[in-house]
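First the structure, in the form of structure tokens, and then the observations on it.
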Amino acid sequence: MTINVKQKLGDLDLDMNVDLPMQGITSIFGRSGAGKTSLINILSGLTRPDEGYISLGKRVLYDSTNDVFLPPEKRRIGYVFQDARLFPHYTVMGNLHYGCDHKDPQHFNDIVTLLGIEHLLNRYPSSLSGGEKQRVAIGRALLIKPDMLLMDEPLASLDLPRKQELMPYLEMLAKEVNTPIVYVTHSLDEILRLADHMVMINQGKVVVSGNVNSVWGSLEMRPWLPAKEQSSLLTARVNLNHPKYALTQVMLSHNAYLWVSRVNQERGEWIRVRIHSNDVSLTRVKPEQTSIRNVLLARIDKIHIIEDDQKVEIKLRVGETHLWANITLWAADELALKVGDEVYAQIKGVSVTKDDLA
């Protein structure tokens, strides 16, 4: 999807120029007021930008130069709002069929089963939990067979138990539904669990975009992460299980591997691992007889000094991937680190979550 639009919204000057992939989940991330919801309202056709161009695949949705503007009902885009917006006088069945101008019983059954709402079909919205309402809203959006699904902070209005109830269904959506999803959120946890791609926006502008691993590990993202969330995301391939201990070896490249807690995936499957920057220390000499199980040879790509905190952020290259380490200014001076140096990264902890997303 190609987006190049401008719009004046009160004090916000929206100026977006970005390409979104046509597969997987793309997270739109930013603080409140950054322009996240304004962007997807433009994509859906609910609002018209002042100028620009939008295409979805080969279809042009908006072109100010040629006076093209497809209304929402002709865009084939599903939209799930923060609040479910179900019709209270319709049953779940009635809500699911509303706006669906084609009948495909198999597609209906597949969506209902995927979202686990078979037992809700004859109930009314007033009897549903917040998580159940959102599942119905997602089902309604998917039943029109959209070319793209927009989700505007679908968990924001839910309490923690309802979020935990809905999250597994969103994870299944990411795996089972062959529809690109644009997912607006300000939750780092949701990004880590769901997103394949990421666009970070601030004050109506795109700050950085790309694969979620690369954006998460970018220098632009660092100021947005709380100290406890400063980390790297790496994609690794499952290799083997340790014959004695509950550990699995995963490969980052042909000569770089990590030991992680035992996973259920088969050899050759890909998983995502997360390494906190504060769990990475550096040494110029390969350590011996150490309790740390994961030691990687790395090359320093960037050195970012934060004088106020007496801290240094080091971006390391390990094969084709990157890893961040936070060390003290004292340690950096004593090791006399500079860009291009080879060092050994000692990794105290590596996490892998239950659904391959760290």
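Every residue gets a Cβ built from N, Cα and C, even glycine.
Over in Swiss-Prot, the protein carries these features:
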- Gly30, Arg31, Ser32, Gly33, Ala34, Gly35, Lys36, Thr37: ATP binding site (BINDING)
- 3-228: domain 'ABC transporter' (DOMAIN)
- 289-356: domain 'Mop' (DOMAIN)
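Same-chain neighbours of the ATP site beyond Gly30, Arg31, Ser32, Gly33, Ala34, Gly35, Lys36, Thr37, judged by a C-beta within 8 angstroms of the site's C-beta center, are, in sequence order, Ser38, His186, Ile201. With all protein chains in the displayed structure included, the most crowded Cβ environment within 10 Å among the binding-site residues Arg31, Lys36 is that of Lys36. According to DSSP, the domain 'Mop' (289-356) comprises 10 helix, 36 strand, 22 coil. Taking the binding-site residues Ser32, Thr37 in turn, the residue surrounded by the fewest other Cβ atoms inside 10 Å of its Cβ turns out to be Ser32.
A simple way to gauge crowding: the CB of Ala34 (ATP binding site) has 22 other CB atoms within 10 angstroms, across all the protein chains here. Other C-beta atoms found within 10 angstroms of the C-beta of Gly33 (ATP binding site) number 15, with every protein chain shown included. In sequence order, Leu9, Leu12, Leu14, Met16, Ile201, Gln203, Gly204 make up the list of same-chain residues 6 or more apart from Gly35 (ATP binding site) whose Cβ falls under 8 Å from its Cβ.
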